[in-house]
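The structure appears right after this line, and notes come after that.
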Amino acid sequence: MTTITITRPDDWHIHLRDGAQLKDTVRDISRYMGRAIVMPNLVPPAIDTETALAYYDRIKAQVPAGSQFEPLMVLYLTDKTSPDEIRKAKASGKIVAAKLYPAGATTNSDSGVTDVKNIYPVLQAMQEVGMLFLVHGEVTDSAIDIFDRERVFIENILSKIVADFPALKIVLEHITTKDAVDFVTQASDNVAATITAHHLLYNRNHMLAGGIRPHFYCLPILKRNTHQQALLGAAASGNKKFFLGTDSAPHAKDKKEAACGCAGSYTAHAAIELYAEAFESVNALDKLEAFASFNGPDFYNLPRNSDTITLVKKSWDVPATYPLGDTNVVPIRAGEAIDWQVE
């Protein structure tokens, strides 16, 4: 297959950052994506409706002329978030979900939730008003090996939340393990998951074997090949519970290439092209449209996009860097070729 036309896709998990960087991140993701779920882990985080709506306005101001791109906003949950704030956010019409960051789990998560029991009243309110619950599924206990933190979170925390709030729609974000695939597959229809392009294309050998490659360092961290294969199997299965979420997370080049580098991989420059590569690798290009364009809006009870994009099997070379505000970001596949491009 050398051309494939699909309904315009959406990105159900992205980091757009703020300030001078917004112009560049919004330009990249709005080229082919119709909508994106925008992460709220800014500095300071978007912990209330006013902050999230102000962020929405800043994003919209950077959308290029002619683009219909629509950001979908998310509330950042803290120990102090109130049920009233959830109701207010839902009523805004712009905020479609709230996000659990276990405190310290990832970039700018220090304001996050210290004990999930602290937000049970909030989860009850979310269940009542029909707001989605997005989860960074890792424990933060330093005694737990970093490669085990997703599995332990599912076993010790997420399984309890799912049991206690059966009507709450939950997205386990950027899953990285067979454990997560199995959990989501076996859970009720109210539990779904996003999968990144880089977790489909790469495993920890790419990051660690033959030298450390810091631009593959992200959280949750890349796992072993057997987990990568489970993710590919889930994405290509046609199962409606799995959908596209890039978790594209830009950091300046010097913040990645450092003695203590930041976690995050940038894929917004070529998101759908990279997913096409991943699906082609398992002979499943016929399943790409459902994963990229149908399953996400269906789970969120939003309409599917009405227009299409066409991907062509035509190699192109990725630049070594892209502009990111007043600095540069090194994208995934920097200086190398990608097999697909959008016509």
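Here, residue 1 is simply the first one shown, and the rest follow in order.
Any Cβ shown, glycine's included, is placed from N, Cα and C.
Quick caveat, the model's predicted, so the values are computed rather than measured.
Listed in Swiss-Prot for this protein:
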type: BINDING; residues: HIS13, HIS15, LYS99, ASP247; note: Zn(2+) 1 binding site
type: BINDING; residues: HIS15, LEU16, ARG17, ASN41, HIS136, LEU219, HIS251, ALA263; note: substrate binding site
type: BINDING; residues: LYS99, HIS136, HIS174; note: Zn(2+) 2 binding site
type: MOD_RES; residues: LYS99; note: N6-carboxylysine
type: ACT_SITE; residues: ASP247; note: active site
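By the criterion of other Cβ atoms within 10 Å of the residue's own Cβ, the least surrounded of the binding-site residues ARG17, LYS99, HIS136, HIS251 is ARG17. Note: the CA-CA distance between ASP247 (Zn(2+) 1 binding site) and ARG17 (substrate binding site) rounds to 12 Å. Cα proximity to ASN41 (substrate binding site) (within 10 Å) is found for the following binding-site residues from HIS13, LYS99, HIS174: LYS99.
Counting in whole angstrom, ARG17 (substrate binding site) lies 16 from LYS99 (Zn(2+) 1 binding site) by their C-alpha atoms. When each of the binding-site residues HIS15, ASN41, HIS174, ALA263 is scored by how many other Cβ atoms sit within 10 Å of its Cβ, ALA263 comes out lowest. In this structure, LEU219 is the one among the binding-site residues HIS13, LEU16, LEU219 with the smallest number of other Cβ atoms inside 10 Å of its Cβ. Looking at LYS99 (Zn(2+) 1 binding site) and HIS136 (substrate binding site), their Cα atoms lie 8 Å from each other. Here HIS13 (Zn(2+) 1 binding site) is positioned 13 angstrom away from LEU219 (substrate binding site), judged by their C-alpha atoms. Considering only the binding-site residues HIS13, HIS15, HIS174, the residue whose Cα is spatially closest to the Cα of HIS136 (substrate binding site) is HIS174. Listed in chain order, the residues near the Zn(2+) 2 site other than LYS99, HIS136, HIS174 are HIS13, MET39, LEU100, TYR101, THR106, LEU134, VAL135, GLY137, GLU173, ASP247, each with its Cβ within 8 Å of the site Cβ centroid. ASP247 (Zn(2+) 1 binding site) is surrounded by 27 other CB atoms, counting those within 10 A of its CB over all protein chains shown. Separating the Cα atoms of HIS13 (Zn(2+) 1 binding site) and HIS174 (Zn(2+) 2 binding site) is a whole-number distance of 8 Å. The DSSP secondary structure for ARG17 (substrate binding site) is coil.
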